[in-house]
Amino acid sequence: MKRLRYVLSGQACSTLGDILYILALVTTLYRQTGSAAVAALFPLLRVIGMSTGSFGAPLVLRRYRLSRLLAFCLLVQCCGLALLALYLGTFAGRAQVEWLTSAVLVLSVLEGVAGPARSSLVPRIVENDELLKANGTLGAVSQACSLAGWAGGAIAVSALGSAASLWVAALLLLFAGVSSLLIREESGFEASEEEEEAGGAKSLLQGWKMFLRVPSLRLLLWMDVWGGLLSAAFAGALLLVFAEQQLGVGEVWWGWMNGAFCAGLIAANWGIGQFVQDARRKLAFLLLAGSGGLALSVLIFSFTVHPEMALAVMVVIGFAESAAGLAGTTMIQFAAPKREMPSVFAARTTLISVLFGVSLLVAGWLADRYGIQMIYIGASVCYAISFLGAVWRRGVLREMVNER
């Protein structure tokens with residue numbers, strides 16, 4: 001598990017660095033323009049960049065060692081943030097919005113490549129019976145750093161300023177890149193010369209073909225689509241509107257609800273990773289319990305009018321979402337051949353990113369036309385359809401458990 005520690009330290013540093021640079025750039029964009037609409041471009045640009053990066057990722061994921069590719073993405077991000085820090089330090093108050101938004105787009109493309117590389121790297125450095133524990137630990141570290149980053153990041157940006165915060169973010173990504181360089185993975189998964197000559201189109205479609213060909217992955221595709229249609233329901237702005245309009249509370253309770261959600265995510269990742277034995281045989285239960293629990297808890301949340309109850313339900317929502325997500329990631333690592341796994345994760349990352357962008361539009365339309373509560377009722381229905389598909393095809397999950 002020593003090699004996993006390098007992945008964990010890299011994940012921790014990159015998560016903190018990403019949050020710090022997001023806060024620094026959003027703050028700068030808002031101060032430069034005074035426009036909330038321009039600042040709101042940030043999540044849209046990240047979705048576009050990450051979707052583009054993950055869609056094109058198969059072109060490079062099979063050509064190079066994943067640890068080297070991950071390190072390359074992180075180190076280039078580090079250089080990009082350092083250049084941004086120099087730019088903001090030199091042209092304070094006069095930075096061009098076009099340069100800042102272009103930088104966001106490029107950094108997000110690299111992030112779209114790094115995500116599938118990291119997920120595919122874990123099975124190459126961890127034994128199969130340790131996969132669930134490794135994924136749970138990685139998820140717990142990521143969520144704990146996210147919670148700490150969002151809680152303390154705004155204070156850091158306010159105290160240090162945007163340029164200095166970007167220098168800190170660049171340093172964190174430098175540490176993450178160095179950690180990735182220290183990982184020693186299994187070799188022999190790189191594409192052969194014949195495969196490289198076969199062309200890029202085949203590489204781009206390989207992950208999608210695996211999703212459609214393997215029954216357990218096809219089920220996961222169904223669940224991801226339905227689960228992603230209103231995945232933006234718990235995005236910051238919409239949850240704030242829910243807190244104000246339905247619960248009758250303000251930003252403080254909104255922050256606490258986000259914290260409660262993160263607490264549920266951390267508890268599930270750590271608890272399942274530490275205490276669930278015989279991971280392969282527990283995947284079906286975790287997937288069904290997580291998706292079913294998510295549908296029920298979101299439905300309860302949509303009718304909640306007491307902020308204290310909303311906090312408790314948010315913990316359950318976080319726990320259920322984490323359980324289902326952890327099972328889905330581990331399921332791919334069991335079902336997909338290691339050689340094809342990067343392409344499968346890249347396809348999934350593309351799908352999730354695109355669905356999140358679509359869900360932002362759908363959720364906004366629902367809120368304007370039918371009210372904020374309808375977003376959460378609709379989300380619970382989507383999660384329920386996802387869960388019912390898993391129940392209907394649970395035989396596929398049993399077959400996967402008995403394979404190999």
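Every residue number used here counts from 1 along the chain in the order it is shown.
Every residue, even glycine, has its Cβ placed from backbone N, Cα and C.
Automatic prediction, not curation, is the source of TrEMBL annotations.
Under the heading transmembrane segment, TrEMBL lists 12-30 (among others).
The transmembrane segment feature in TrEMBL is assigned to 36-57 (among others).
Among the features that TrEMBL reports, transmembrane segment is placed at 69-93 (among others).
Per TrEMBL, transmembrane segment is recorded for 219-241 (among others).
Annotation source TrEMBL lists transmembrane segment at 253-272 (among others). Packing against the transmembrane segment (253-272) from elsewhere in the chain are residues 132, 135-140, 143-144, 146-147, 150-151, 234, 236, 239-240, 243-244, 247, 286, 307, 310-312, 314-323, 326: each is 6 or more residues past its ends and has a CB under 8 Å from a CB in it.
Marked as transmembrane segment by TrEMBL: 284-303 (among others). Long-range Cβ contacts of the transmembrane segment (284-303) within its own chain (Cβ-Cβ under 8 Å, at least 6 residues beyond either end) map to 223, 227, 233, 272, 276, 310, 313-314, 316-317, 319-328, 331, 373, 376-377, 379-381, 383-384, 386-387, 390-391, 394, 397-398, 400-401.
The transmembrane segment annotation in TrEMBL covers 309-332 (among others).
Sequence-distant contacts of the transmembrane segment (344-367) (same chain, six or more residues past either end, CB-CB distance under 8 Å): 43-44, 47-48, 50-51, 54-55, 57-58, 61, 112, 115-116, 119-120, 207-208, 210-211, 217, 220-221, 224-225, 228-233, 235, 238, 241, 332, 336, 374-375, 378. According to TrEMBL, the feature transmembrane segment maps to 344-367 (among others).
Residues or ranges marked as transmembrane segment in TrEMBL: 373-392 (among others).
Across 12-30, 69-93, 219-241, 373-392, stretch 219-241 shows the highest tally of CB pairs under 8 A with the transmembrane segment (309-332). Same-chain neighbours of the transmembrane segment (12-30): 36, 38-39, 41-42, 74, 77, 81, 84, 88, 95, 97, 100-101, 103-104, 107, 111, 114, 141-142, 145-146, 148-150, 153-154, 156-157, 162-163, 165-166, 168-173, 175-176, 179, counting only residues six or more beyond its ends whose CB sits under 8 Å from a CB of the stretch. Counting only same-chain residues 6+ beyond the ends of the transmembrane segment (69-93), those with a CB under 8 A from a CB of the stretch are 10, 14, 17, 21, 25, 28, 32, 60-61, 99-100, 103, 106-107, 110-111, 113-114, 117-118, 121, 162-164, 166-167, 169-171, 173-174, 176-178, 180-181, 183.
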